[in-house]
Structure formats: structure tokens, C-alpha cells
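In Swiss-Prot this protein carries:
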type     : residues                               : note
TRANSMEM : 31-51                                  : transmembrane segment
TRANSMEM : 223-243                                : transmembrane segment
TRANSMEM : 276-296                                : transmembrane segment
TRANSMEM : 308-328                                : transmembrane segment
TRANSMEM : 342-362                                : transmembrane segment
TRANSMEM : 426-446                                : transmembrane segment
DOMAIN   : 520-765                                : domain 'ABC transporter'
BINDING  : 566, 567, 568, 569, 570, 571, 572, 573 : ATP binding site
């Protein structure tokens with residue numbers, strides 16, 4: 001199959017990535033709607049605040065021209081409940097002078113003739129003297145609006161006084177005026193009823209009114225509205241929604257290693273960034289358009305009087321600027337959960353700088369050009385300056401705003417003007433390119449999810465542009481105190497097969513000979529991580545480097561499956577990461593179909609011919625399996641006409657046809673692994689990496705996937721890693737076992753079992769009705785002939801492990817055993833090699849022991865005698881200090897049984913009974929101090945080389 005290249009591939013990748021972004025946005029409807037339509041709620045909020053402000057000022061004439069003020073007449077005494085913050089029970093008024101019958105009648109008339117409502121008797125309190133009223137005030141604060149004090153001096157003279165609280169209260173933005181609300185109504189009522197009493201006419205008309213002076217509007221014609229006060233802050237907050245969503249989307253793909261998976265498939269960086277830029281640009285365009293339309297819909301003069309294009313461009317260019325800033329920050333942020341926090345910080349800084357910009361800094365002739373340049377690099381600053389210009393152009397009722405033709409003209413023709421609307425737009429365009437280029441630069445020099453980065457001067461190196469060698473590893477922090485990564489010391493392999501493989505590869509490399517049957521040739525591959533770096537006070541400190549892979553030499557043939565085994569931390573996944581280009585190598589090289597992994601051109605060719613099923617599923621939860629396959633097939637460069645049929649075939653192969661349109665987020669773990677296997681097989685790759693492909697699958701599905709892998713061997717090489725020894729035994733043509741970064745053994749399954757297994761495994765099954773105790777003669781037969789005891793026995797069968805050195809005796813032994821089947825009651829005899837699991841544990845255990853004796857990694861073995869023995873991890877035969885006596889001059893030892901725990905680490909599963917240490921065995925490891933604690937109940941064990949001597 002011919003894959004697309006160059007511009008056609010770029011176009012195909014861009015289209016697929018753009019469609020992916022569209023689907024993700026469509027399926028995350030809540031976030032997308034928030035991005036597009038949040039402007040409506042901000043505009044509505046501003047409108048509501050402004051209308052509320054206008055409603056509270058309806059009775060105010062402060063901002064109006066008053067030419068013919070109307071008089072206020074017949075003001076009633078208000079209920080006491082109308083007073084702000086009154087205490088209940090309350091009174092409409094209190095009065096003094098109740099010793100006078102005439103005064104009492106006047107007060108009764110005030111209550112009865114109150115305009116609009118008579119005052120109930122229980123809402124009025126009477127006293128004799130003003131002093132009594134004062135005392136009552138002190139004991140009943142805030143329970144009355146005012147007091148009247150009457151004195152009848154003679155038949156024609158009645159004097160009165162009014163007492164009110166002059167303190168002005170404020171409630172819900174409105175201030176209470178005690179003079180006009182309480183004092184004036186009491187004064188009118190008192191004078192009216194006193195006049196009627198003196199005249200003797202209870203119907204006497206008493207008209208009294210007051211009005212303000214005719215005057216112009218206070219403060220000129222400048223209107224200070226909620227829009228002009230709060231609009232800039234709300235517009236900045238509105239822009240943060242899109243900014244946070246853009247930042248979170250890009251960081252999520254980096255955090256989940258989705259971008260890394262696409263890179264492995266050969267995605268162009270240019271197609272990746274352009275797809276994000278165009279899609280986010282479209283969303284920004286639509287959201288900016290809606291903002292302006294909503295502003296016009298609510299009849300804000302800012303949107304109506306200024307040029308539509310000018311207002312739209314300001315919001316669009318600002319939000320487009322924020323896309324560039326989001327891309328730049330995405331290189332620094334490693335967690336998508338941090339996007340909201342970063343968005344809030346950017347808003348907070350933008351809010352502060354907005355206040356400073358509104359105050360005039362630095363866009364005036366009083367400040368230098370340099371300060372304006374630096375200040376304008378932060379998008380919210382130029383946005384605030386542009387908003388200020390457009391707001392000032394519509395701040396007064398007579399202002400006509402700024403038209404398109406006036407965009408380059410200073411407002412009012414000021415000689416001190418240094419910024420115009422046109423310059424604002426030029427700045428916004430320029431700063432977008434600044435942030436976008438910075439984003440691309442940061443993306444290359446800041447460590448990615450795998451800790452890989454380029455040199456800070458990578459763009460100056462010819463190798464970056466030519467793609468030829470010259471590849472220097474750059475990893476970890478940018479801190480300059482990181483030195484060069486130390487080279488891996490070459491260690492001659494102890495295993496004869498590994499040494500033979502290394503010699504063969506070196507000889508082929510030296511001769512320049514390319515074997516057409518070899519798919520992958522690894523030349524001394526090494527990978528070292530420089531360790532973590534911490535910045536302290538005026539210094540950098542770092543931990544020791546970690547050698548993950550220590551000089552790997554081997555060939556991987558075509559049409560074969562090579563299984564790479566090893567415990568956790570052995571270097572398997574790191575090796576695959578180096579071969580797929582995810583991690584750069586520290587030393588050595590590898591040739592995949594003749595292409596070097598150290599060359600960017602070679603790596604580009606390699607990615608066209610490989611497929612990768614990573615250790616952990618790297619999938620979009622919102623995309624279906626069908627959409628995943630279409631996306632990766634397009635990235636790979638498959639012809640568009642073949643993508644649908646290939647995707648359908650792969651779905652059939654992995655049994656996902658019925659779930660093809662279901663989103664991957666709803667899949668089980670096994671279904672996700674099957675989808676990852678299908679993605680790895682897209683485009684008929686010549687080399688497939690399967691990193692634990694059947695993890696989480698049920699047995700039936702696992703068997704089906706094994707069939708797929710077996711069928712996929714033809715015409716390609718497959719590199720498999722797994723923790724299932726059964727899977728490795730069934731699928732692999734060759735097996736390599738790694739431990740502690742080094743290849744410990746290599747060969748076919750039978751070869752490894754014969755070399756590293758404990759020997760042959762014989763299983764003897766008995767006839768069902770065989771009586772109890774009959775197996776004893778059989779046990780004696782094995783003991784006498786082969787010197788072995790059963791490792792497992794019950795009524796149904798016995799299992800014996802026969803050492804390799806007894807191989808010459810087996811033919812005659814089993815011939816005699818078959819002749820005596822009826823004597824021993826034998827139903828069946830099975831003979832086989834040790835399991836691959838046993839081989840793996842032996843190799844892993846030896847590697848752990850090798851490392852533990854150097855690093856001092858210990859575990860505690862609890863013996864039945866109560867002694868606790870500290871032993872190195874991986875030790876098999878352990879001598880117990882303090883058990884020496886005349887009968888056992890070298891003491892006692894136990895055999896320790898090891899297994900892997902759930903995390904893949906070696907742990908103790910049990911131990912044998914204590915046995916005598918033979919005289920002829922040597923010691924592998926002996927601690928300097930053997931006794932720990934009191935009473936010799938805790939000791940350090942001695943590692944015995946019983947295997948070699950036995």
C-alpha cells in the first residue's frame with residue numbers, strides 16, 4: 001500500500017485533525033455553548049444592572065435639565081414601617097402637651113385628616129412634657145419617625161416644635177432623606193390643624209407645597225452608566241472562558257499522551273498546530289460576532305454608534321491573541337486541571353493592568369516607547385486601551401462614535417495622542433504572532449510528557465533543517481547546571497547466547513552487511529535519564545543519573561514475533577520508546593529496515609512503517625472506535641478511498657463491529673486494548689510494537705487477539721512485551737529477557753527452558769480407585785533411580801522435577817516406569833520442560849540479587865524458628881548465622897522461594913525447611929555484620945552459591 005507524503009499528507013492530516021477538534025467540541029456541548037454564548041449572559045447582566053440603576057434614579061433629577069419643576073403638595077405622614085431599619089413595634093409619631101384639651105383635639109384632627117389614610121390610635125404615643133419624650137426615645141431607640149411638642153400659651157397662641165432623627169440611612173443603594181420624608185409632613189399637619197383650631201373652621205383649606213429651583217443638569221451632560229463602569233471588566237471575564245477552554249484542550253492532549261501517539265503515527269507538527277489554530281479561530285470569530293450582536297440587541301450606544309467592524313475586530317483580535325497566549329502557556333503547564341487556575345491568574349493580572357491602562361499608563365507622551373512596547377505584549381493591555389478609545393467616543397449623548405474612516409485619527413485631534421484604534425489593531429496582530437512563535441519555541445525546548453526536549457538553540461543547528469544525524473540528547477530541566485549524561489559502561493555479557501548475539505550484530509555492522517531478513521538491528525542502545533534537578537539558593541542540585549537501558553545488541557528478524565520480557569523497571573518500555581522515537585537515545589543506535597532512529601529523516605521514514613500499541617490506552621473518551629481508526633489512518637497517510645474498508649476490517653478482526661459507533665469512554669478495559677491493537681495494525685506496518693496488548697481481556701477475547709497476532713506475523717516483524725508467560729510461550733519465535741536495563745538471555749522458548757529451567761517436569765497420574773498409600777513405592781523408585789523427591793503430590797497425581805544432569809538416565813528410567821505402570825497404579829505419564837514462568841523468575845531473581853548486593857536492598861525472611869533473617873532481594877539459598885555446631889560446622893541454610901507481586905516486583909512466597917550447608921559450596925555474599933538486635937533473633941543472611949556447586 002502506497003502512503004501519502006508531502007503536501008497531500010499535510011492536507012489529509014489537517015482535515016482529520018480539524019474534524020477531530022470539531023467532534024470533540026460538538027460532544028462537549030456545555031463547554032462549547034459557554035464559549036459561544038456566554039457573552040449573552042454578560043451583556044444581560046450589564047443591562048440588568050444599568051436598568052436597575054435607572055429605576056433607582058427615576059425620582060432623581062440630578063442628570064436632567066429642570067426648567068419647570070412641579071410642586072409637591074399634601075404630603076402625608078407615612079407609616080412608621082416605611083422608615084429604613086425601624087424597630088418594631090413602631091409609632092408614626094409621638095407628642096407632648098396632653099394636659100391641654102385643645103392640644104389633644106388638634107392631635108386627634110392630625111390623625112383623622114392625614115391625607116391618604118387616618119392614623120390609628122395605637123400608632124401614636126402621648127406625653128405631658130418634652131423631657132418625658134426624650135426619656136422614652138432613650139429607652140425605645142429607632143421606634144418612631146418623629147415627635148411634636150405643643151404648648152398652649154393663650155386662647156390665640158399655640159406654639160409647637162418638631163423633633164426628628166436627622167441621621168440619613170442608606171438601603172439598597174437608595175438614601176433616605178429624613179427632612180422631606182418625615183419632618184415636612186409633620187410640619188404641614190401641625191400647622192394645618194392649629195390654623196383650623198384657631199379659626200374655628202374644621203374645613204378650612206390649607207394648601208402647602210414645595211419644589212426645587214429650575215436648573216440645568218448637575219455635572220454637565222456626561223452620563224456615567226453601568227456599561228461604562230463595568231463593561232471592560234465583564235468583557236475581559238467573557239474572553240477568559242474561551243481562553244481556559246483552549247488551554248485545557250491542548251494540555252489535555254499532552255497530559256494523556258494523545259499528541260505523543262499521533263507523533264508516533266507520523267503527524268506533522270504544522271498540521272497539528274494549524275488544525276487547533278483554525279478551529280479555535282472559528283470559535284473565536286463566532287463568539288465575538290455574537291457579543292457585538294447581543295450588545296446591539298440590548299441597544300447599548302457603544303455598539304450602535306461605533307463602527308460595527310471596529311468593535312468586532314477589537315474583540316476578535318483580542319480573543320485571537322489569547323489563543324496564541326494559551327498555546328504558549330500549554331507548553332509550560334503539564335496538568336489540564338491547572339488550566340482554570342492559570343485562567344484566573346491571567347484574568348486577575350489583566351484586571352489589575354486594565355485599571356492601570358485606564359488611568360493613562362503608558363499610552364501617553366509622558367511615557368517612553370519602550371514601556372509601551374513591553375506593556376503591549378500582554379494582550380489584555382492593548383484590549384483595554386482599545387476599549388477606552390471606543391468608550392470615550394460614545395460617553396456623551398452627542399457623541400457619534402468612531403467610524404471606519406476615523407480609525408487612524410486621534411480623538412479630538414490631541415497633540416499628545418500616541419495611540420489610535422488602528423494602532424491597537426496592528427499591535428494585536430503583531431502580538432499574536434509573537435505569542436504563537438513563542439508557543440512553537442516553548443513546545444520544542446520545554447520537556448514534554450516523556451521528559452524530552454530540544455536544545456534552546458535547536459533552530460540554529462543544520463541538523464534540524466536537514467534531518468541528518470547530529471542528534472544530541474536534551475532531557476529534563478533547562479537549568480544550565482545539568483551536565484552531560486555520563487556514558488554507559490560496557491559490560492561483557494555473561495550469558496553465551498547474549499554474547500553470541502552481540503558479536504554477530506557487531507560483525508554485521510563492521511562489515512556494512514545488511515541482512516534482508518532482519519527488520520530491526522540494535523547497536524549498543526543505551527538510555528540514561530539525567531535525574532531530577534532542584535533549584536536552591538544560588539545553586540542547582542540534582543540526583544544521580546539513572547541508566548534505564550545499558551547497551552543493547554540484538555537482531556529482530558522479519559516474519560517473526562520477538563517477545564521482550566522482564567520485570568517492572570527492566571527497560572522494556574524504554575527500549576520501545578527509543579525505537580519509536582518517543583525518547584531519544586543516549587548512546588548507540590538502531591536500524592529499522594535500514595533507517596537510523598538517530599536521524600530525523602530516518603525517524604520520519606520509520607514512522608511510516610511502524611504501528612504501536614502502547615502500554616496504556618491512549619484514546620479520546622469522546623470519540624468512537626471507528627472515528628479513532630479513521631483519524632489515525634488519515635494521519636498515517638492511507639489513501640482516503642481505502643480508509644473506510646480498512647477500518648471496518650480491523651473492527652471485525654478485534655470484534656468491535658457492534659461497538660464501532662460507541663464512544664471509547666464507555667468501553668471496558670479489554671475493549672480499549674483491542675482498539676489499541678487495531679490502531680497499531682493500521683496501514684499494514686512492517687514493524688509492530690505491542691506493549692502488553694492483552695492486559696484486561698477475558699480469556700476468550702485474549703485467545704482471539706492471539707490469533708490476530710499470529711496471523712499478522714507474515715510480512716512483518718512484531719515486538720511484544722507481556723507479563724503473561726503463557727502468551728509469550730505461545731506467540732513468540734524468539735524471546736529476550738531484560739533485567740536492570742540489560743539483556744540477560746535470548747533464544748527460543750525451548751532453548752531458554754533447557755538452559756535456565758530447573759530441569760524436566762514429570763507428572764504421574766494415578767488410577768482413580770488406587771488405594772491410599774500405594775504411591776510410596778513410586779516415590780522410592782524415583783528416589784533410588786534419580787535422587788528426586790516429589791515437588792507436589794496428592795491422591796490423583798505426583799509431580800517431580802528432574803535435573804538436567806539426569807538427562808542420560810531418562811530413556812531407560814521411563815522405559816522401566818512404563819513396564820511397571822500396573823504395579824504402581826499409573827494411569828498416565830507426562831514429561832516436559834520447566835515452564836517459561838520458572839525461567840523468567842530465575843533470570844529476574846538473579847538480576848535482582850546482583851543489584852541488591854551492590855545497592856544493599858534487603859527484605860526480611862521470617863523463619864519458623866522465630867529468627868528474622870535480612871537477605872538481599874533475589875537470594876535463593878541463604879545461610880543462617882548462629883546455627884553452626886559440631887554436627888553442622890558451616891551451619892544451616894534454607895531455600896527461599898520468590899514470585900512477582902501485583903506491581904511486578906520480586907517478593908518472598910515461602911521457604912524450605914532448614915538444611916545443612918554442604919562443605920563444598922562457596923559464598924556469594926556475606927554481610928560485614930551478621931547479628932542485628934538482641935538475643936540474636938534478627939540476623940543478616942549469607943547468600944550461598946548452592947546452585948553452581950549442585
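Just so you know, glycine gets a Cβ as well, placed from its N, Cα and C.
Positions of the features from Swiss-Prot, shown on the structure.
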residue	record	CB count, 10 Å
566	ATP binding site	26
567	ATP binding site	23
568	ATP binding site	14
569	ATP binding site	17
570	ATP binding site	26
571	ATP binding site	25
572	ATP binding site	26
573	ATP binding site	22
Other residues, Cβ within 8 Å of 566, 567, 568, 569, 570, 571, 572, 573 Cβ centroid (ATP site):
574, 738, 739, 904
The transmembrane segment (31-51) versus listed stretches 223-243, 308-328, 342-362, 426-446: most Cβ pairs under 8 Å:
223-243
Distant-in-sequence neighbours of the transmembrane segment (276-296), which means Cβ under 8 A and at least six residues beyond its ends:
17-18, 21-22, 25, 32, 35-40, 43-44, 235, 238, 242, 246, 249-250, 302-304, 308, 311-312, 315-316, 319-320, 323, 327, 436
Which of the three DSSP states, helix, strand or coil, fits residue 566 (ATP binding site)?
coil
